[in-house]
Amino acid sequence: MTNLRKTHPIIKIINHSFIDLPTPSNISAWWNFGSLLGICLIIQILTGLFLAMHYTSDTLTAFSSVAHICRDVNYGWLIRNLHANGASMFFMCLFIHVGRGIYYGSYLFKETWNIGVILLLTVMATAFVGYVLPWGQMSFWGATVITNLLSAIPYIGNTLVEWIWGGFSVDKATLTRFFAFHFILPFIIMALAMVHLLFLHETGSNNPTGLNPNSDKIPFHPYYTIKDALGFMLMILVLMTLAMFSPDLLGDPDNFTPANPLNTPPHIKPEWYFLFAYAILRSIPNKLGGVLALLASILVLIIIPLLHMSKQRSLMFRPISQFLFWLLTANLLTLTWIGGQPVEQPFIIIGQLASILYFTLIIVLMPLAGMLEDNMLEPKFP
């Protein structure tokens with residue numbers, strides 16, 4: 001009798017993706033974050049589904065429905081805390097996953113990389129519309145400020161903003177459509193993630209050395225299934241600790257106040273995972289320029305494969321590029337800090353310098369470092 005795992009039309013696909021998949025023998029823990037993102041997505045969809053059963057997308061009852069979930073629904077407080085902090089875990093894994101791709105040259109799988117950038121943008125859109133749903137002060141004003149940025153688009157800007165709002169301000173129509181988007185987008189993310197995997201399995205995984213791993217591959221199961229399981233346990237441990245002991249650590253206190261269009265919070269700021277982009281947006285004193293810089297801060301990832309100048313794929317044996325990579329990481333942390341600070345000196349100038357450095361590192365310095373390192377490796381005969 002033939003093995004069902006290898007013959008059944010559906011099980012065969014799962015087998016080729018997660019069981020008999022030939023995998024490089026030397027991929028490190030940095031390769032765990034793809035599967036962790038899968039688990040994050042499943043957690044978010046499940047907790048979100050249960051929240052949606054009790055939530056009402058109406059300006060008069062949205063805030064109360066969230067309070068009702070936390071007070072009256074069985075384990076509603078836990079479901080809500082897991083969903084809110086699950087978003088933070090999702091973005092932590094995303095940033096590490098993208099960072100790993102940059103460090104080890106995984107972006108040279110261009111199709112996989114481009115789908116990944118689209119995935120990142122989709123997850124950011126989902127998180128943004130989701131943040132509006134509790135209808136607290138920061139939800140309302142965050143939605144107002146960010147959607148208003150579209151009015152910077154010449155000619156069609158104002159019409160576009162009113163079209164998205166469904167009226168002349170952020171109101172019931174906006175909340176209802178944002179709930180609809182927040183419900184549908186995770187399923188689109190799931191479909192895109194499958195395409196992401198499809199493209200990845202066309203080429204096989206990269207590895208820390210950046211060399212061709214075909215000469216030394218091992219089956220995904222049991223080696224990497226057990227390694228992924230360890231990652232799942234550690235991530236769920238961190239998530240549960242966060243959700244149980246300090247669920248509001250990463251949230252904004254202003255969101256405990258119901259939305260009030262007549263009262264603006266002193267500092268409007270998004271969740272921590274958007275602060276780096278928000279700092280870049282604020283560092284340009286022109287509205288349209290700021291919006292373009294905000295878009296560029298994410299879309300610059302698309303051109304990274306074109307900026308690869310080195311003969312080596314990975315940064316593993318390239319100390320100058322390694323230094324620049326960690327400088328970029330520190331710079332992003334600086335931008336995240338600046339995004340949460342008020343618009344006053346010295347924060348304005350620090351934000352502007354960090355924004356300039358961000359683009360300079362990616363577009364100018366890292367390609368130059370790649371060329372320099374190649375030059376240093378060339379044997380110089382007298």
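In case you wondered, yes, glycine gets a Cβ from its N, Cα and C as well.
The transmembrane segment annotation in Swiss-Prot covers 33-53 (among others) and rests on similarity to another entry. Listed by sequence, the residues of this chain that lie at least six past the ends of the transmembrane segment (33-53) yet keep a Cβ under 8 A from its Cβ atoms are 69, 79-80, 82-83, 86-87, 89-90, 93-94, 96-97, 100, 182-183, 186-187, 189-190, 193, 228, 231-232, 235-236, 239.
Taken from Swiss-Prot, the feature transmembrane segment applies to 77-98 (among others).
The Cβ of His182 (heme b b562 binding site) has 22 neighbouring Cβ atoms from other residues within 10 Å, across all protein chains displayed. Taken from Swiss-Prot, the feature heme b b562 binding site applies to His83, His182.
Look at Swiss-Prot and you will find His97, His196 tagged as heme b b566 binding site. Packing around His196 (heme b b566 binding site) is summarised by its Cβ count: 21 other Cβ atoms lie within 10 angstroms of its Cβ, all protein chains included.
Under the heading transmembrane segment, Swiss-Prot lists 113-133 (among others).
Look at Swiss-Prot and you will find 178-198 (among others) tagged as transmembrane segment, backed by similarity to another entry.
Within its own chain, His201 (ubiquinone binding site) has His16, Ser17, Leu21 as residues 6 or more apart in sequence whose C-beta sits under 8 angstroms from its own. Feature annotation from Swiss-Prot assigns ubiquinone binding site to His201.
The transmembrane segment annotation in Swiss-Prot covers 226-246 (among others), and the record cites similarity to another entry as its basis. Proximity of distant same-chain residues to the transmembrane segment (226-246), defined by a Cβ-Cβ separation under 8 Å and at least 6 residues beyond the stretch ends, is recorded for 29, 32-33, 35-36, 39-40, 43, 78, 81-82, 85-86, 88-89, 93.
Among the features that Swiss-Prot reports, transmembrane segment is placed at 288-308 (among others).
Marked as transmembrane segment by Swiss-Prot on the basis of similarity to another entry: 320-340 (among others).
Among the features that Swiss-Prot reports, transmembrane segment is placed at 347-367 (among others), with the record citing similarity to another entry. Long-range contacts of the transmembrane segment (347-367) within its own chain (CB-CB distance under 8 A, at least 6 residues past either end) are made by residues 279-280, 282-284, 293, 296-297, 300, 303-304, 307-309, 321, 324-325, 327-328, 331-332, 334-335, 338-339, 341.
Separation of the C-alpha atoms of His97 (heme b b566 binding site) and His83 (heme b b562 binding site): 21 Å, rounded to the nearest whole number. Shown in sequence order, Gln44, Thr47, Gly48, Leu51 are the residues of the chain, 6+ apart in sequence, with a C-beta less than 8 angstroms from the C-beta of His83 (heme b b562 binding site).
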